[in-house]
Amino acid sequence: MRLLKARRDGGFSLTMFPVNPPPYAILSHTWETDDQEVKLKDIDNRVGIHKTGYKKIEFCARQAQNDQIEYFWVDSCCIDQSSSAELSTAINSMYRWYQNSVKCYVYMADVSTSSSSEQELSFLHSRWFTRGWTLQELIAPKRIEFFSKDGMYLGDRRQLENRIQEITGISNRILRGHPPAQVGVEERLSWIANRDTKYCEDIVYSVLGIFGIHMLPMYGEGAVHGFRRLGEEIEKSPTLAHPPRTEKDQQCLNALHAMSLSYAAANGLKVVVDQLLRDDRTEVNLPDRSGRTPLSWAAGNGHKAIVKQLLDNGQAELSSRDLQYGKTPLLWAAEDGHVAVVEQLLNASADQRGQKPLSWAAENGYEAVVKQLLKTDNVDINEANTELGRNPLSWAAGNGYADIVRELLNTGKATVDSQDSILGRTPLAWAAANGHTFAVEQLLSTGKANVHLADNYGQSPLSLAAANGQTCVFKPLLEAGADVSSKDWFGQTPIMWAARSGQQAATQTLLDTSGTIVEGQDKYRRTPLSWAAANGHDAVVKLLLEAGADVKSSDVNNRTPLLWAARQGHEAVVKLLLHANADIESKDRWDQTPLLSAAASRHEAIVKLLLEANSNVESKDKRSLTPLSFAAASGHEPAVKLLLGAGAAVESRGSHNRTPLLLAVASGHEKVVRLLLEAGADAGVEDADGQTPIEVADKHGYKAIASLLSSRKYGKDWRSSLKDRTTTKRNFESYRACEIACSEDTS
């Protein structure tokens, strides 16, 4: 096998190891398009750095280096794809290569860590779990770790095994490293039922290692032939299907044929489907791991000819539902807009009322399917989607499908002001929030859409539009009587939502409508300026200031816009507010000034700005902590330098009588300790508990800081001072013990 190694110049080199390769890490990933994957020739020619796939190689190299593994393997560039002999060897060796790796890194290119909920959702639906080759890459390695697209560690296989088991159906026992041979053939086959590969034959070749089978790849043979060859190899294997064949073995081989039918149906392979339907071993309705039948796959992918074949067979179940979404074949066809297939299935009396298909068709903009479904008898046009509580009109309006909105309204049966069960939004609210002007106008033209009807949080359609910057719908909403001063449950008006979201055009439009709204306050006494400043929207702040916003207004916690901007580190906003004569010494309910907030939040640029504006460097909060105290405690060296340069008192004392030096020592910030000592900080100072900096450093095990402090003199040598205090303490304790003993003897 070939292995990659990082060069000192930042590139990579390849080394061939015919036998006994050194310890190596291995990458598991999903392929980009061919032209974006780094190939063997790219490494040899030292090119490919601009390809998307290069990032994955750098990631693997970096992780291997972190784990002190010199070599690593990446399939895209460690196999000569042009050599059929080498490719055949690689396919049959792949499981063993992953099994023998020191560690496997899974790079999940579609998993984000921007929020915990988004990470969880993207992990559950990652493409990595749907690819054929990644199955063995999940099972074979001894150690496997998962990473997001930005290289953040998600967990190892053991930590994530419950979620992986839920996604893949693979038992925890196998995920913990037990060999696949310990479970039955049928269970192993079930693992690939919901996976796909670029070349249809690869779905077969990807499980060779899992079955311990060596089989020559024959690209062009097709999945059906490949599965049949796999079945023959299973029958030959004494460990897999020892003759005479048991009933269980027969079911396994039947399952091979059934999965071939699902694959052929999903991919529109009419000839293959025809051959399989002629085979009496084929079970037409055998579901895969997700519960989808061949008819479900054919309908969902719009293969009309395959659907006809399956329906003509007479055995296909029209009402079958998959396990994950509970959709029938008709629902799958309607969701993906396959009108001809919808008509086929409706004619076959499949789920003929079509309520859910109507919602999905409306949601995805399939006008022809909506028209088809509206022609059916007893269709309930207002039935809500059970998951989100939204009906077809809500979906169509929210996604801007004006023609579908018109079709639904023309029936005369649509409830125009229906509210979904989760957020309580009307179709008008959804259309306004997403800026769909035509849908808004159509709904308002009925005369039935209530422009004031708020959602479950009290937000009106105008407020939702303002929050998202959808100025295009302002005119029809305002002409219909929308109130620019309407407040939600938190007392926030449309302009507050526009300001807090940084929507400059929306803010300007609302100001032009009514200049008085600039000073509105929510239930926490926050103004549009307060929200814009806190979120760093300098362009909106400038607009509000020009409109006369009160720069000195304060909320329930006495925080001014300047305090918010300083706390959040928004330099441009701080400059604007200072220029507008904001109170630089304003204090919140905890007596923190803008400078204190900036120092506490480690915002160097803000600290510098405020000092240049002559902010009080000795301001103290309710705990008597100064800006220098906060900067020292957080280890923010740049702010400490700025504050010392501005003349901050190095011996100021806060709660528990602690100086900046004591705070820096307690938090282990060696560089800050050095700065404070060089500025003349007293190394022998004691806190309220009588602890000196050296004692605090010793207590926490900060040896470097203790050494730094020990090199300083204050009065007499600190060690002798400490010794004297310790001796005095011991003498006192000894004296007190004797005194107690004597008193007890006397009594």
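Each residue, glycine too, has its Cβ placed from N, Cα and C.
Just so you know, TrEMBL annotations are computer predictions that nobody has curated.
What you see is a predicted model, and the numbers here were worked out from it, not measured in a lab.
Residues or ranges marked as domain 'Heterokaryon incompatibility' in TrEMBL: 24-115. Per TrEMBL, repeat 'ANK' is recorded for 290-314, 325-351, 423-456, 457-489, 524-556, 557-589, 590-622, 623-655, 656-688.
Each residue in the repeat 'ANK' (524-556) has a pLDDT score, and their mean in this model is 97. Same-chain residues lying 6+ beyond the ends of the repeat 'ANK' (325-351) with a Cβ under 8 Å from its Cβ atoms: 293, 295-296, 298-304, 307-308, 311, 318-319, 357-358, 360-361, 364-366, 368-369, 372-373, 376. Proximity of distant same-chain residues to the repeat 'ANK' (423-456), defined by a Cβ-Cβ separation under 8 Å and at least 6 residues beyond the stretch ends, is recorded for 390, 393-394, 396-402, 405-406, 409, 416-417, 462-465, 467-470, 472-473, 476-477, 480-483, 486, 488. Within its own chain, the repeat 'ANK' (557-589) is flanked in space by residues 524, 527, 529-530, 532-538, 541-542, 545, 551, 595, 597-598, 600-601, 603, 605-606, 609-610, 613-616, 619, which lie at least six positions past its ends and keep a Cβ under 8 Å from the stretch. With a cut-off of 8 Å between Cβ atoms, the residues of this chain six or more beyond the repeat 'ANK' (623-655) that come close are 595-596, 598-600, 602-604, 607-608, 611, 617, 661, 663-664, 666-669, 671-672, 675-676, 679-682, 685.
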